[in-house]
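Peer 1: This structure is in structure tokens; I'll ask about it shortly.
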Amino acid sequence: MNRKAKIAVFASGSGSNFEAIEEACRNGDLHAEIVIVVTDQPAAFVVERARQVDARIVAFQPKAFQSKNAYEEAILRELNDVGAEWLVLAGYMRLIGPVLLTAYQSHIINIHPSLLPAFPGKDAIGQAIAHGVKVTGVTVHLVDAGMDTGLILAQQAVDVVDGDAEKTAEVIHAVEHELYKDTLNVLFRR
Ligand code: GRF
């Protein structure tokens with residue numbers, strides 16, 4: 001079997017997807033190795049989760065840099081340092097800019113809690129509930145310069161539970177953890 005893909009996980013929040021990916025790497029369910037975790041939110045819970053598993057973490061504050069390019073160039077140096085081959089976004093709440101898009105063309109993946117192109121951007125589950133849809137879901141896609149607009153790689157539908165955001169989110173997160181792993185495995189085994 002070919003060698004493991006070296007991945008950087010980007011996250012800004014709780015990091016349940018990071019945790020699922022890390023566990024899958026450790027169990028051999030995902031043919032990859034997390035070489036670095038990148039966050040723009042040093043106080044986010046994902047940092048705690050990353051520390052618990054001794055992952056290397058980079059937590060730059062975007063506002064400490066003169067420009068988005070300078071911020072991403074600093075990240076790129078860290079990614080090069082550890083030989084990251086794929087950027088796996090897991091609740092990273094920023095648009096990826098030209099520096100990383102150019103360096104990692106077609107190698108940046110995102111997961112989004114809706115059936116894109118419906119409900120892009122923030123609070124996709126809340127948007128779905130507000131629209132009264134009965135079915136929403138999860139999308140894994142390549143990242144381009146737009147907001148959740150890149151090539152769709154995989155989707156799974158999820159029924160809205162009792163018109164309730166919290167209950168639906170619980171199902172969505174469970175689906176995300178499986179769908180992300182399965183989709184990444186297909187990409188990494190090529
Ligand atoms: C997930 O719903 C993901 O689809 C979206 O952000 C959320 C991150 O959740 N992009 P977590 O931090 O992995 O728990």
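Glycine is treated like the rest: Cβ placed from N, Cα and C.
Unlike curated records, TrEMBL annotations are generated automatically.
So TrEMBL has the following annotated:
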- H112: active site, proton donor (ACT_SITE)
- G15, S16, N17: N(1)-(5-phospho-beta-D-ribosyl)glycinamide binding site (BINDING)
- K68, M93, R94, L95, I96, N110: (6R)-10-formyltetrahydrofolate binding site (BINDING)
- 6-183: domain 'Formyl transferase N-terminal' (DOMAIN)
- D148: site 'Raises pKa of active site His' (SITE)
Peer 1: Spatially speaking, which of the recorded positions G15, S16, N17, H112, D148 is closest to I96 ((6R)-10-formyltetrahydrofolate binding site)? Use C-alpha to C-alpha, please.
Peer 2: D148
Peer 1: Please list, in sequence order, the residues in the chain of R94 ((6R)-10-formyltetrahydrofolate binding site) that are at least six apart in sequence and whose C-beta is under 8 Å away from its C-beta.
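Peer 2: When sequence neighbours closer than 6 are ignored, R94 ((6R)-10-formyltetrahydrofolate binding site) has S12, D40, P62 within Cβ distance under 8 Å.
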Peer 1: Applying the rule Cβ within 8 Å of the centroid of the Cβ atoms of G15, S16, N17, what extra residues of the same chain belong around the N(1)-(5-phospho-beta-D-ribosyl)glycinamide site?
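Peer 2: Surrounding the site, in chain order, are A11, G13, S14, F18, E19, A20, I21, V46, R49, A90, G91, H173, H177.
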Peer 1: Among the binding-site residues N17, L95, I96, which residue has the fewest other Cβ atoms within 10 Å of its own Cβ?
Peer 2: L95
Peer 1: Please check each of the binding-site residues M93, R94, L95 and report the ones with a CB atom less than 6 Å from an atom of ligand 1, ordered along the sequence.
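Peer 2: Qualifying residues: none.
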Peer 1: Give me the count of other Cβ atoms within 10 A of the Cβ belonging to D148 (site 'Raises pKa of active site His').
Peer 2: 19
Peer 1: Could you round the CA separation between M93 ((6R)-10-formyltetrahydrofolate binding site) and S16 (N(1)-(5-phospho-beta-D-ribosyl)glycinamide binding site) to a whole angstrom and send it over?
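Peer 2: Given the Cα positions, M93 ((6R)-10-formyltetrahydrofolate binding site) is 15 Å from S16 (N(1)-(5-phospho-beta-D-ribosyl)glycinamide binding site).
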Peer 1: Nearest by CA distance to L95 ((6R)-10-formyltetrahydrofolate binding site): which of the recorded positions is it, out of G15, S16, N17, H112, D148?
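Peer 2: Nearest candidate: D148.
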Peer 1: Nearest by CA distance to N110 ((6R)-10-formyltetrahydrofolate binding site): which of the recorded positions is it, out of G15, S16, N17, D148?
Peer 2: D148
Peer 1: Under DSSP, is N17 (N(1)-(5-phospho-beta-D-ribosyl)glycinamide binding site) helix, strand or coil?
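Peer 2: For N17 (N(1)-(5-phospho-beta-D-ribosyl)glycinamide binding site) - judged by DSSP and reduced to three states - the answer is helix.
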Peer 1: Determine the most Cβ-crowded residue among the binding-site residues S16, N110, using a 10 Å radius around each Cβ and all protein chains in the structure.
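Peer 2: It comes out as N110.
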Peer 1: Looking at the recorded positions K68, H112, which one has the fewest other Cβ atoms within 10 Å of its own Cβ?
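Peer 2: Comparing Cβ neighbours within 10 Å for the recorded positions K68, H112, K68 has the fewest.
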Peer 1: Nearest of the recorded positions to N17 (N(1)-(5-phospho-beta-D-ribosyl)glycinamide binding site) by CA-CA distance, picking from K68, H112, D148?
Peer 2: H112
Peer 1: In whole Å, how far is D148 (site 'Raises pKa of active site His') from S16 (N(1)-(5-phospho-beta-D-ribosyl)glycinamide binding site) when you measure between their Cα atoms?
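Peer 2: The separation of the Cα atoms works out to 20 Å.
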